[in-house]
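Copied from TrEMBL, the annotated features are:
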- Ile12, Gly13, Gly14, Gly15, Asn16, Met17, Ala73, Val74, Lys75, Pro76: NADP(+) binding site (BINDING)
- 9-103: domain 'Pyrroline-5-carboxylate reductase catalytic N-terminal' (DOMAIN)
- 167-271: domain 'Pyrroline-5-carboxylate reductase dimerisation' (DOMAIN)
Amino acid sequence: MNHQSPASLAFIGGGNMARSLIGGLVARGADPTTIRVAEPVDALRHAMQQDFGVHTFDHAADAVQGADAWVLAVKPQVMRAVCEALTTQAQATRPLVVSIAAGITAGQLDRWLGGSLAVVRAMPNTPALLGAGVTGLFANAATDNAGRARAAALLGAVGATVWIDDEHLMDAVTAVSGSGPAYVFLLAEAMQQAGEAQGLDPAAARVLAAQTLLGAARMLTEREEPADVLRARVTSPGGTTQAAIETFEAGGFRGLVARAIDAATTRGRELSAAND
Ligand SMILES: NC(=O)C1=CN([C@@H]2O[C@H](COP(=O)(O)OP(=O)(O)OC[C@H]3O[C@@H](n4cnc5c(N)ncnc54)[C@H](OP(=O)(O)O)[C@@H]3O)[C@@H](O)[C@H]2O)C=CC1
Ligand SMILES: O=C(O)[C@@H]1CCC=N1
């Protein structure tokens, strides 16, 4: 009789993004007993266990036991130390390594884990919790088709996936979609506050702003027309929208967005260099 447990997935780090991914996976039918999570913070570990029924551990070395795929979900600043503590197990079991860390390259991860491993860099975002995420994926040369398919299936369970051939562009992916939900939340905050300043009560302003973002996002994703065409349909000549859009343009909105995305992209590259 075969007493081996089924192949399992280990998450190293059980913070915000791991929680979004694990919550999304379990909500979409993944067997939580095949998911093992290392997280040093007691409250986070207990919440992960209670909310999703996954196996939890204090230490990464215990979580990776028997796992044939590892998701590295710790901050870039601690990634080197976390990997170097797992080198012996990585070389013994040769898992598929999936890192979601901003900036940290596949080459760095492979080197810190002892070399010659299949490493996939993934950049998901928190809407994964609702199955509405999007993930950019880059695989190193040691990753075979089965490894690529496993990584794509893992992240594809919680949203769309896009393969990126040039690893350098993963920092731009991070800046656009990894960080992107925060920009939308900032816009929501600003719209809500501006509505309140015009006299709307906070609850009404919140519903109006949030539902507008949802409806607009659905039009962007469920219709063929590009954003500028959809925008034109809202903008009656000489009307209210035109007054607002002209104010945005005069205030340098596009340039500001470009500078923000450039700052995030640059920060990703700094995180790689600073934590090598
Ligand atoms: N948040 C997001 O929207 C996204 C984040 N990412 C990436 O995901 C990674 C995690 O980010 P995020 O979830 O926001 O960060 P969090 O700080 O919320 O989560 C990381 C967790 O890992 C824990 N940890 C630290 N050391 C270890 C260890 N040795 N073993 C196991 N766990 C450990 C941390 O504990 P402690 O706090 O005590 O250090 C923390 O609870 C980052 O690399 C980030 O770039 C990628 C896409 C989107
Ligand atoms: O802010 C960060 O660095 C991480 C990566 C993308 C989203 N959060």
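Along the chain as shown, the residues are counted starting at 1.
Any Cβ shown, glycine's included, is placed from N, Cα and C.
Taking DSSP states H, G and I as helix and E and B as strand, the domain 'Pyrroline-5-carboxylate reductase dimerisation' (167-271) has 89 helix, 0 strand, 16 coil. Other Cβ atoms within 10 Å of the Cβ of Asn16 (NADP(+) binding site) number 12 in total over all chains. Just so you know, of the binding-site residues Ile12, Gly14, Ala73, Lys75, the Cβ with the fewest other Cβ atoms around it within 10 Å is the one at Lys75. Helix, strand and coil residue tallies for the domain 'Pyrroline-5-carboxylate reductase catalytic N-terminal' (9-103), in that order: 46 helix, 21 strand, 28 coil [DSSP].
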